[in-house]
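First the structure, in the form of structure tokens, and then the observations on it.
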Amino acid sequence: MNHSIKNVLIVGGGSSGWMAAAVLARFFSKQIQIQLVESSEIGTVGVGEATIPPIRTFNDVLGIKEADFLKQTMGTIKLGIQFENWSQPGDSYMHAFGEIGRNLGIAGFHHYWLKARQAGVAEDFWRYSLNEQAARHNRFAPMETIPGTQFPGLTHAYHLDAGLYAQMLRAYSEKLGVKRIDGKIQTVDKDSESGDIAAVQLESGERLEADLFIDCSGFRALLIGEALDVDFEDWSHWLPCDRALAVPSEAAETITPYTRAIAHEGGWQWRIPLQHRTGNGLVYSHRHLSDDEATHTLLSNLDTPALADPRPIRFKTGRRVQQWCQNVVSLGLSSGFLEPLESTSLHLVQQGLTRLIKLFPRNGIQPSDIEEYNRQSQIEFEKIRDFIILHYHLNSKTDSPFWRMCREAPKPESLLRRIDLFAGSGRVFREQDELFSETAWEQVMIGQGITPQDYHPLVDNLEDHQLREFMNSWQRIVDKTVAQMPSHNDFIASLK
Ligand SMILES: Cc1cc2nc3c(=O)[nH]c(=O)nc-3n(C[C@H](O)[C@H](O)[C@H](O)COP(=O)(O)OP(=O)(O)OC[C@H]3O[C@@H](n4cnc5c(N)ncnc54)[C@H](O)[C@@H]3O)c2cc1C
């Protein structure tokens, strides 16, 4: 294609479709006509309610204020994810957002903690995490409201009602001129010469043409999968869960500012607290847990009474080998899926959109732009994949075929290299622009049972008494700051 893009058609009105509409309208509404087609008869996947901190940048770019966002999506604050029973039954640790303690020069805080721990002068690793301590005490406050604190801010994300979020983004997009069409796509027409998608044909007979198509059609992958036949790289040998049940339950009295991920036989359960309800679900491998057993496990482990029957969802973990092909960019479930253990899917939509805006063609779609988009997407998906596998791999449960298989099945080399490095000398490196920080990797590796054999030699520059004082002072700073925060419930109530 060697002409500029005048029309974009977004296919699908789930979270990814409306995120795409909002961002494209925010940047290009003056130059491009943007349409979105969705089928209210088909509906959306209806899950995807836990996020990670970069979502705040997404909202900032759109000019959405935190208080408005939380009110409109019945949202709550998320400071991390509490993993329960993952390494051994009864274990619990948090992947808390933000830093833990303070790095001294080149050596990360955890090296100091490792030595202090050996010397018996350190507490649990998370005792030095502002996020974890605030979460444990159900507290939250914007940092500017805490006098005299040494912290720049709490690194937080949100829990949100996905349906309300889509509604909010729809209103935003329509205000900027996005045209919504409710209709079911029956056929997809291709240009026989270029191989590009030319138009989609609706059941009503309406034909929608565009220069660029954004495939947000969910697991159906109408354009990227069905019409363009782009291969799906299956990762289920590494991440064997393939089904989920989702059920809302009544809101809890105490709204905890963190997600819970509770390991069970054959899978794990999520618990996402919102203002008006709690989102729950069980992610499982159908080869290890029957649907009936899964339903029983989920319903017998709810904290509050269920508000509906569990809804089944089937999925396959993996990714499209080309997420941008011809004149189709796929986003959301059509582009691939990594199970929701670390709440990364909406983030991947956000990243896809950022990449698309950066590579947006001015005068025709260049193959080199497509190649770069696909190269970056592949790296991003693979790094997140390894982080998720890590949780399954490092378990020491002996009485469960599912968990034994997760531990013993072959793993990507890239992951095994990281584990070896950390187990030997406590070192971990964030690679390129990968999402998860060193602190995130440290928490999951320590939480899942690795104690590195050594720490960085720079730590020995501190005298024993200095090391003890360093650890104690961080604990005092964290305690003092958390003590000044209101409860999370009070923070949410203050928004009304
Ligand atoms: C069990 C589970 C839990 C998850 N939890 C999280 C989480 O905690 N955090 C997170 O970030 N993500 C999570 N996700 C992922 C998240 O739900 C999705 O990334 C997100 O909802 C985006 O979905 P989507 O918009 O791509 O697809 P969908 O929501 O499925 O939307 C597809 C759209 O395409 C339309 N469509 C399809 N076919 C046609 C047709 N023929 N004609 C017209 N329209 C059509 C549909 O009507 C719909 O509007 C989870 C996913 C699953 C499966």
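Positions of Cβ are set from backbone N, Cα and C atoms, glycine also.
Remember, TrEMBL labels are computer predictions, not curated facts.
If you check TrEMBL, you get these features:
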{"type": "ACT_SITE", "residues": "Lys78", "note": "active site"}
{"type": "BINDING", "residues": "Lys78", "note": "7-chloro-L-tryptophan binding site"}
{"type": "BINDING", "residues": "Leu333", "note": "FAD binding site"}
{"type": "BINDING", "residues": "Glu342", "note": "L-tryptophan binding site"}
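Sequence features annotated in TrEMBL and their locations in the structure.
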| residue | record | Cβ neighbours (10 Å) |
| --- | --- | --- |
| Lys78 | active site | 28 |
| Leu333 | FAD binding site | 25 |
| Glu342 | L-tryptophan binding site | 23 |
Recorded positions near ligand 1 among Lys78, Leu333, Glu342 (Cβ under 6 Å): Leu333
Pairwise Cα distance for the residue listed as 'FAD binding site'/Glu342 (L-tryptophan binding site) [Å, integer]: 16
Assigned element (helix, strand, coil) containing Lys78 (active site), judged by DSSP: strand
